Amino acid sequence: MTLFLKRYFKLFLLAYIIVLLTKILFAFYLKENYTTYNISTILGAIFAGYKFDFATSAFIALLGNFFDFNKRFYAIASSFFLTSLFLLQISDILYFKEAGRHIGYEVLDALVDAKSLVMTAITQDGILTIAALIISVILFIVFYKIFSHCQKEKINKYYIAKQLFLILLTIFFIRGMFQHIPLNPWQSNILGDAKLAPLVLNGTYNTVFALGSKSKKLTMEKIQKPSKGEITQSFEELYSDSNATSNFPLPLIKNKPNIVLFFSESWSAHYMKPYGYQAETTPNYDALLKQSLHPIVMIANGHRTTEGIFAVTASMQNPLGRSVAKTNLQYNHFTSIINELNKIGYNSIFFQGTAKETSGTGSLAQQMGFKKSYGKRDVKKRIFEENDWGIHDFDLYNFAMKKLEQTDKPFVIGINGATTHNDKLPKGIKVIHFTDTSFNIRLNVLHFADAALGDFVKRVQKKYPNTIFVLFADHCGGGLSGTLENYEIPFAIYAPQYIKAKKLDHVMSQRDIAPTLYDMIIGSYKKDRLPFSGKSIFSDKRFFADYYRSGILGWIENKKIVEINLQNSTYNCYVMKNFQKVPTQCTQEYEKLKKHALSFTYTSQKLLFEDKTNDFSRYRYK
């Protein structure tokens with residue numbers, strides 16, 4: 001083998017070893033996701049991703065060999081690329097723990113929030129983060145010593161031909177070697193088990209693939225296409241109550257009340273007493289819940305703030321496992337409840353405790369109808385120091401109160417705090433004992449955010465008594481195993497002067513918020529044929545919710561759950577008990593739920609990607 005090939009494959013081999021070892025660490029660190037699998041199955045899944053791992057290794061090898069004309073440059077560049085590969089793989093573990101998916105296009109947000117990301121990693125996963133940083137320094141030194149002994153490539157008449165050969169060799173690996181179609185992340189479902197797919201794929205490949213596709217349009221996830229008859233029948237069954245009317249004239253409230261929408265950051269129902277947690281972590285919310293109209297629980301439609309904003313305001317599914325924010329889809333034509341409120345004279349403002357640029361949140365909020373948007377840099381007067389992501393909720397709420405004094409009524413505001421975006425309490429705040437584990441600090445942060453929420457509700461109520469409060473979370477926090485638990489969030493409508501407290505015996509979706517608000521304040525969303533995919537508490541009887549995680553589509557209807565592997569359409573069946581899913585036998589009724597899920601999801605995704613979401617009315621109204 002000639003010198004240039006030896007150099008290439010030395011880099012290739014070292015990169016492959018790094019990917020392999022970090023994938024094993026991935027499985028170990030996130031072991032709660034794989035408790036039902038034995039070691040041989042897990043290792044089998046890791047090695048089954050050899051095509052993705054080879055592609056990543058070849059890419060790193062090629063980058064290093066571009067500097068082979070200079071011995072010192074080559075040693076520095078190769079060491080840098082290998083160390084960066086290691087750090088990106090570790091970052092992917094931390095991201096997956098929080099979001100339940102490999103890092104991809106989101107890596108671009110790291111340029112905006114680099115400091116926040118590093119500090120959060122140190123705070124929440126300090127041992128792994130610090131160890132990774134130390135190891136990365138050691139790796140760079142070791143690699144530099146290894147590569148400093150390599151000979152440089154002579155620049156002669158064969159030099160360009162050699163480089164072209166290495167490029168072609170790299171393309172061979174990146175394409176998936178001998179397979180007949182180019183390699184793509186969706187092929188990580190090769191084992192037919194969506195839970196194992198993340199072990200097959202590696203985060204670096206997914207990131208490079210996403211960045212390489214950035215200039216292209218976001219593409220629709222592969223979903224088995226139901227027949228036209230199945231779609232028609234499913235929509236008729238799902239929306240059989242579309243002609244049902246409310247027991248009272250709509251809108252429910254005639255005098256245009258002010259509206260406060262709490263997009264509470266990362267509030268997981270799993271850690272709140274009304275939803276089964278043993279400790280009272282959110283006493284203020286719990287007290288408001290008893291005086292509110294609320295379901296059993298709500299299901300979030302994503303795992304990022306922008307995904308929550310879209311589902312709530314547009315009442316549509318997000319692109320599966322993605323957000324419309326910062327993509328070509330953001331500028332599609334959507335019907336938003338915020339725009340509908342603007343039309344009848346509301347003044348709309350969005351407040352967030354982080355920077356407005358974080359993940360494109362501020363931009364998307366305005367795209368969905370909020371006329372003004374404020375972030376942490378707009379808040380000059382503060383009581384508490386910032387956490388790693390932004391200002392604490394008390395300071396954000398104080399700022400919001402000041403802005404409301406300058407705002408014409410009625411108003412609709414959305415608030416997304418930053419206290420629970422991090423695991424840090426401000427100085428001087430007493431720590432309460434909830435649990436003996438290290439998780440105690442996160443529960444204390446939730447408790448502190450709840451105190452701010454309770455105080456804000458009281459202040460707004462006193463100054464603006466004609467106000468309704470819609471309390472929910474943008475999405476769940478990280479650290480939860482399983483699927484369903486990662487999407488269960490709180491929800492309550494607190495408006496004692498207008499609505500009686502009642503617990504409804506069904507599970508709701510974030511998509512149900514928009515039609516509920518429309519019925520409550522504007523008119524009948526059915527009569528006006530709004531293209532919302534959700535249902536209204538006030539005029540609908542049948543509800544359903546969905547979630548998507550790592551290739552698994554979850555569907556809830558009448559406390560029955562199906563989870564469908566979209567790669568091969570196999571599915572598992574459950575009943576919902578005490579906010580958890582309990583396995584049960586798959587009967588004919590569950591087969592019907594599967595058809596509902598696939599018909600609804602295929603249609604919703606198709607309309608979303610074709611910029612035809614306003615045509616949803618044709619499917620749900622007859």
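Glycine residues also receive a Cβ, built from the backbone N, Cα and C atoms like all the rest.
Unlike curated entries, TrEMBL annotations are predicted automatically.
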Query raised in the report: Need a hand: TrEMBL gives GLU265, ASP474, HIS475 for Mn(2+), which of THR305, THR435, THR437, THR516 is also on that list?
Result: THR305
**Report entry** Range from 12-30, 42-66, 73-96, 126-147 with the greatest count of C-beta pairs under 8 A to the transmembrane segment (159-178)
**Finding:** 42-66
Query raised in the report: In sequence order, which same-chain residues at least six apart have a C-beta under 8 angstroms from HIS475 (Mn(2+) binding site)?
Result: SER266, ALA300, GLY302, HIS303, ARG304, THR305, GLU307, GLY308, TYR487, ILE489
Report summary line: Cβ proximity for ASP474 (Mn(2+) binding site), under 8 A, sequence spacing 6+, ordered by residue number, returns PHE263, SER264, GLU265, SER266, ALA300, ARG304, THR305, GLU307, GLY308, ILE309, ASN416
Query raised in the report: What other residues of the same chain, not counting GLU265, THR305, ASP474, HIS475, have a CB atom within 8 A of the CB centroid of the Mn(2+) site?
Result: PHE263, SER264, SER266, ARG304, GLY308, ASN416, ALA473
Query raised in the report: Mean pLDDT over the domain 'Sulfatase N-terminal' (257-520): what is the value?
Result: 94
Requested in this report: Give residue numbers and ranges for long-range contacts of the transmembrane segment (42-66): same chain, 6 or more residues beyond its ends, CB-CB under 8 A.
Outcome: 4, 7-9, 11-13, 15-16, 19-20, 23-24, 27, 34, 74, 77-78, 81-82, 85, 163, 166-167, 169-170, 172-177, 179, 183, 185, 187-188, 190-191, 193, 196, 199-202, 204-205, 208
